[in-house]
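K.L.:
Summarising the annotation, Swiss-Prot assigns topological domain 'Lumenal' to 39-522. According to Swiss-Prot, the feature N-linked glycosylation site maps to Asn119, Asn440, Asn448, Asn500. Annotated active site per Swiss-Prot: Ser190, Asp389, His451, in sequence order. Residues or ranges marked as region 'Disordered' in Swiss-Prot: 479-510, 588-625. Summarising the annotation, Swiss-Prot assigns compositional bias 'Polar residues' to 491-502. What Swiss-Prot lists as transmembrane segment is 523-543, and the listing cites sequence analysis. The topological domain 'Cytoplasmic' annotation in Swiss-Prot covers 544-625. Swiss-Prot lists 589-603 with the feature compositional bias 'Basic and acidic residues'.
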Amino acid sequence: MVSLSLRGARRTAKDAASLPFLSWTLSLLALNPLLVSAKSAADYYVRSLPGAPEGPLLKMHAGHIEVDPENHGNLFFWHFQNRHIANRQRTVIWLNGGPGCSSMDGALMEVGPYRLKDNSTLEYNEGSWDEFGNLLFVDQPVGTGFSYVNGNQYLHEMDEMAAHFITFLENWFDIFPEYERDDIYIAGESFAGQHIPYIAKAIQERNEKAQMKPKWSLRGLLIGNGWISPKDQYPSYLTFAYEEGLITKDSRTAKNLEVLQSVCESRLEAGKNKIHLDDCEKVLSEMLTKTMDVSKNECINSYDIRLRDEAPACGMNWPPELTHMNYYLRQPELISALNINPEKKSGWMECSNAVSSTFRTQKSVPSVQLLPGLIESGIPILLFSGDKDLICNHVGTEELINNMKWNGGTGFETSPGVWAPRHDWTFEGEPAGIYQYARNLTYVLFYNASHMVPYDLPRQSRDMLDRFMQVDIASIGGSPADSRIDGEKLPQTSVGGHPNSTAAEEQEKKKMKEAEWKAYAKSGEAVLVVVIIGVIVWGFFIWRSRRHHRGYRSVYNKNMSGSSVLERFHSKRSGADMEAGDFDEAELDDLHSPGLDREHYAVGDDSDDEQQHQRQGSRPEGGQS
């Protein structure tokens, strides 16, 4: 009996027997939506990018990874594949600060391969950090930038943030397993100076528990103008202001600020385990107010003291590209290109007040307390500072280092009472800053740089990154820069050009040409081998056919066409000068030569062997059909 299914196809009794299994499978999928909704790397592939420069699009992936299913918490990422591989695969994770400020700042204004030229046009960043490392930008905590979460379920503490980030990495590596064994570096700036050490510690704890899973190879941390040690950073405001001439000592303004400073220091003594202290925030706020130009309604840019901004922003409107960012990242075409989930209802914002006001870290200790343990565990750490930043100035970072104890010493001492020297760094003939190193900690001070060092000095910042990652390569993607420490030329790193720069294009064309010639040479060799084999086979068949022809010609007779087999035999015998009377059965066997038989059937046998060989040759490797 034949019945019809709902889809109108013919279904037999055998098919009907499989229905329970089908129903069970559908029920399983219904109960496990992850089996249906699981995404692959293809779902995150960025196929186009509005305003991208002419030429091939860089290989990118972007989208959301769920980290909090209960509250639909999703972190947004934007990943760029490296342009060149040096001696090993590396992945650099970049985080901006806030808390609650988007890492799209880093992607489009600092270390990413593109910079915004205007509201809708991108241009290449000549100092992008993706030359020797895959770049992964993440908007975190949930609610930051393109990331989102239901309602007001924002995070409060550092351990929550770190747990979300570990979940993000686990899920991200499930989708992109080819990067899980990369050397991992975590970099960022500002309040990321709190995030990064906590994430690093969480990775170490995860690795200790990992049994069947690969351990993540955390190779280093880079923190720029970081908010790491409040007890060292808060008092540095006034010290830095005096050094830079923003405040005149013994002036009325100075005395007012010193009163606030003393209150702050007393709070710090009692609250040394606090990341944020309102009484200390008042010092900077009052400083910006007292140094205002009332006639112009301008105040010091707290991120770059060389600049002024309208009050009360005092730097919040900087850099000027922020105007372009706000427009570009809200375009429907861009939202579609970066695979933004429809659940993300609100438009992109650089910094979220909701995230910042909730993330108060009342139970979290400052990350400076984690640094010694991380360094002693073998993780190299690099702290770098732009010398024109006020809000996270270099004076506070240097004080942090001077007071910190790690690996059997205090600060940069190499032995009791002896400190590691400061080395002068020049880049392409110009003073670039200083380098200082001791016991697995490196400090770099950039001259003429703001809170966002890579924004001001992209090529110098990548030179720093490449040296920290121990990249040593003469010329890939551009001309190597002349970078020197105390006048001594350092190992070459390519920091001069983007893959679409003229030098890089010429280099790529040269490589392609060489590859083409190698391909032609290999093709020529293959063709020659085929021709030789063909000639040999052709010659063999010619020889075989002639031999057969001679054998058959000896029994050929013009008058044999209508004769019987016996008559043909007699004719052959007479043609061979044999007498008819000598005919017997044995002679017939002799004339019916086994050798001739084998030769006759050998042609067919060869053909069969050849067909079998052809079938074997056409089989895909691994036995796949």
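Each residue's number is its place along the chain shown, starting with 1.
Glycine is treated like the rest: Cβ placed from N, Cα and C.
From a predicted model like this one, the values you see are computed outputs, not experimental measurements.
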K.L.:
Closest to Asn440 (N-linked glycosylation site): which of the recorded positions Asn119, Ser190, Asn448, His451, going by Cα position?
P.N.:
Ser190
K.L.:
Quick check: of the recorded positions listed here (Asn119, Ser190, Asp389), which one has the Cα closest to that of His451 (active site)?
P.N.:
Asp389
K.L.:
Helix, strand or coil: which one is Asn440 (N-linked glycosylation site) in, per DSSP?
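P.N.:
Where Asn440 (N-linked glycosylation site) sits, the three-state DSSP reduction gives coil.
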K.L.:
Among the recorded positions Asn119, Ser190, Asn440, Asn448, point out the residue whose Cβ has the most other Cβ atoms within 10 Å, with all shown protein chains included in the count.
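P.N.:
Counting every other Cβ within 10 Å of each candidate, the maximum falls on Ser190.
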K.L.:
Determine, to the nearest whole angstrom, how far the Cα atom of Asn119 (N-linked glycosylation site) is from the Cα atom of Ser190 (active site).
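P.N.:
Asn119 (N-linked glycosylation site) and Ser190 (active site) have their Cα atoms 26 Å apart.
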K.L.:
Using Cβ-Cβ distances, find the residues under 8 Å from Asp389 (active site) that belong to the same chain and are at least 6 apart in sequence, listing them in sequence order.
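P.N.:
Listed in sequence order, they are Asn225, Tyr303, Asp304, Ile305, Ala449, Ser450, His451.
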K.L.:
Among all the protein chains here, how many other CB atoms are within 10 A of the CB of His451 (active site)?
P.N.:
27
K.L.:
At the Cα level, what's the spacing in Å between Ser190 (active site) and Asn448 (N-linked glycosylation site), rounded?
P.N.:
18
K.L.:
Looking only at the topological domain 'Lumenal' (39-522), what is the mean pLDDT?
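P.N.:
Its mean pLDDT is 92.
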